Structure formats: structure tokens, C-alpha cells
């Protein structure tokens, strides 16, 4: 197959958080992007809610952070926050993991310029679509991939418009598979997965009801329910009086999704919030499986996996969607570097090496949290919890693209005491640049960065000629001078 002039640089299949983030970050770097999504629109359900500080740093690079914060800033809009294991909402507390927002974020506040946010997926996705399109990405909903052929020169794909039935062919240098946990693209390539597999089965219910007597106004939280009659979770959404309720099911005992009628779900919700007379408005009921998988390969020629297509993460800890966005950022800058001629194809191999390490940390952390809060029988058989700060901000990349030191095998560090060693995230330090106070973290994201001490001379403000290895590339370098803090009084 010879693709002399592909229709697009990158074809992204799947319009969830991972796919849309990939499209946005690629388009901002000038790549020609086409994203197709078989659903008719962005998510109509809250799904993954919450953005950790690393995700907000990436959203700052993508130019969408302010809109996400305006959509739902947990500090300003949500009031207090709690995470507890309870028999029922408002009932006996079996264990408390966070009594306040300050307790929840205290371990990360000094490590990052960005706050946590609690925007739900159905609010985030339209923002990503709008900004990706603004930068030139083409987004096609109600369009599915029916087949593709991959070769050394790229990909040829067949697409079907689900509204009209019309089929078309598109050629691309690269294909990003963001088509979810049951990824047809991954399976067609014969890419296997490893992990704990299916952990539990749930029915997810979205409903509306006035629960101010149970959850006071100005307070929000996530409750893990250990009711005598069932196990589940209860949580808020960003809309007044709208809530989520998940109840564990037992298909091995013959239970079926259709057994969970609106009437039965109403009875369970009444038990969960201890309100026998409550009449909730049931908006949606869906079956859902909790699982933990990681793909054995993240790249096959011109095809790269992103998000749930590459790994499936238990939702405990709220890191699955955040990790998908991180995948999108990492694969996008590497694809853009190759497309621009700044790097060779081997750079793409580092994507899977780096992101699979992060995914292992995230899956292990999520499993540890799941065992603590919902499945104590798993304690001792899953890794111990490292802590959100280390997993979110203290992870380390190891790959052929990182000139890493091999003197420390640990995959994380405490971001409150950053080492600055290769492979770790850039430490957060407040600096003054052109009269503006900003974080060192904000210097990264769009181009190569050189940090120079005051004795760096002519470097700050006048980027040097690229080293010889980049001589043939159109490479942009940002530089900044670092001054020591003033002496203490």
C-alpha cells in the first residue's frame, strides 16, 4: 500500500475523553486530524467526573482549562467534600477517607499551579470538541469505522455515515484507536491484554430527587455503601438534585440487567438514603462491569491505542478518564513531532513504554482503593496504596526517549520533594517571566524548553541554534531564566 499524500495526518476513532483530547492536542500542533465517533453526539451522561491537577495542567496547555473550571470548580461551586464508607447516606460511618476538600487536596496543592475540578464528562466533551474544531480538526459524529488496512506508509480506512448509510474511504499517516474497552481495532490487530480482569458487575442509575434532608446544600461527596442488603456507591452530579447510584449485581446467581426495573431501583435508592417515601425520577439505568486490564502492546505499526482501548481502570479514585487525557497529550506531541520531521518513527515506541508504566500505577492504585472501600476480601492480594499525589504528579517515565538514571528503580517520588531527575514531571516553582508570575510547569507543553540559571548569559530570551541532532528539523525552543530566591531575613 502506498500513501503518497494521505487525506489526513491522523484518523482518530472514538470521541470520548481520550480521543477528543488527542484530536485537540494534535490540532493545536498543526496536524490534519479527522475524528469519527459512532454515537450521534458527545456523552449525554455524566460518566467520568473530576479532573486532577495534572489533567488541569494539560488542559492549560490545550487552552481549555478556564472553561473547564468555569463549568465546575470544586473549590467555588461544590462547597465541602467528603469520601466515606457508610451503611447508608447520612447513616453510620464505617470509615472516612476525606472529611473536607482541604484534606482531599492538601497533598497536591503545593506541587502544582492548577486546582482540582469536578466537571462531569458530559460537560467536558463539548468543550474539547469546540476547541479541537477551532484549531482545524474535523469531527464527525454518527460515523463508524467499518474496516481498515495498515501498512508501512499509513492506514486506509472505510467509514460509514450511520445517518445516511453512505460509505467513504479515508487515508491517514496514523490511526489512533480510542474506541473504548472493547476496542474492535485492538482486537483486529490481535493485541492481547493482561490484568485482574472483571472485578464486579454493577447497575448504574441516574435519578433526580430532592435530598437536601440527607445531603445538606453546599456539601457534596462520594459514599461507598455497605448496606446489609447490597453494596454500591452514591454520588452527586453538577446539576441540582441529580444523583448517581451504583449497585453491585450477582449474575453468577442468575441476576440479569432486566431485573433492575425502575421500581426495583427506586426501592434500592430508598434504602441507600434511608428515605422510605422518596419518589425519585429515574432518568437512566445501565449495566456496567468494573475491570482492570492493560494492553500488552500500545502500538502496531501506524496504529496507536489511547484511553480505554489501551487500559481499563476501576473507577475508584477517579483516575480512568484523567489517564485517558494524559494518553492523548503524550501520543499527540509525539505524533506531531514525527509529522513535522523533528523526530523519527522510533519516538512513537516510547509512547507505549511510558504510558503503560503510568497505567500500571493508576490501575494498581485504583485496585488498592477498591479493596479498601468496597472489597476488603482483596486486601493483601492487590498492591498497597501509594497515594494520589505520587500517582498523579510523581510518576516517572522510562523509555528510549528519556536519558534516565538507573540508580533508582522506584516508579514514583513524592512531588512535594521533587528531584528534577529525567523522566519525572517538571517541578512546580513560581517564577517571574516578562513581569508575569507563572509556574515553571506552564513553560512546558507546546515546544522544547530550556531552563537556564542567571549565568546562562545570552540564552534567556534568545533561543540558541538547535543542537546538531535537530539541525534539519523546524524546532522551536522556549527558554527562561531561573533566579535564586531572595535570602531569608
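Note: Cβ is positioned from N, Cα and C throughout, glycine not excepted.
Taken straight from Swiss-Prot:
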- 17, 18, 37, 121, 145, 308: FAD binding site (BINDING)
- 224: active site, proton acceptor (ACT_SITE)
- 317: aklavinone binding site (BINDING)
- 402-428: region 'Disordered' (REGION)
- 455-489: region 'Disordered' (REGION)
- 468-482: compositional bias 'Low complexity' (COMPBIAS)
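Feature map: Swiss-Prot annotations on the structure.
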residue: 17; record: FAD binding site; Cβ within 10 Å: 29
residue: 18; record: FAD binding site; Cβ within 10 Å: 30
residue: 37; record: FAD binding site; Cβ within 10 Å: 24
residue: 121; record: FAD binding site; Cβ within 10 Å: 18
residue: 145; record: FAD binding site; Cβ within 10 Å: 21
residue: 224; record: active site, proton acceptor; Cβ within 10 Å: 23
residue: 308; record: FAD binding site; Cβ within 10 Å: 26
residue: 317; record: aklavinone binding site; Cβ within 10 Å: 23
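The list of residues near the region 'Disordered' (402-428) in space but at least 6 beyond its ends in sequence, with Cβ under 8 angstroms from a Cβ of it, reads 54, 107-108, 110-113, 350, 354, 357, 360-361, 386, 389-391, 393-396, 439-441, 443-444, 449.
The residue listed as 'active site, proton acceptor' sits 27 Å from residue 18 (FAD binding site), taking the Cα positions as reference. In this structure, the C-alpha atom of residue 145 (FAD binding site) lies 32 angstrom from that of the residue listed as 'aklavinone binding site'.
Taking the Cα atom of each, residue 37 (FAD binding site) and residue 317 (aklavinone binding site) are about 27 angstrom apart. Rounded to a whole value, the Cα-Cα separation of residue 17 (FAD binding site) and the residue listed as 'aklavinone binding site' is 17 Å. Classification of residue 308 (FAD binding site) by DSSP places it within a helix. Here the region 'Disordered' (402-428) has, by DSSP, the following mix of helix, strand and coil residues: 0 helix, 2 strand, 25 coil. Following the DSSP three-state reduction, the secondary structure of residue 121 (FAD binding site) is helix. Between the CA atoms of residue 18 (FAD binding site) and the residue listed as 'aklavinone binding site' there is a gap of 18 Å, rounded to the nearest whole number. Separating the Cα atoms of the residue listed as 'aklavinone binding site' and residue 121 (FAD binding site) is a whole-number distance of 16 Å. Annotation note: residue 37 (FAD binding site) sits in a strand segment as assigned by DSSP.
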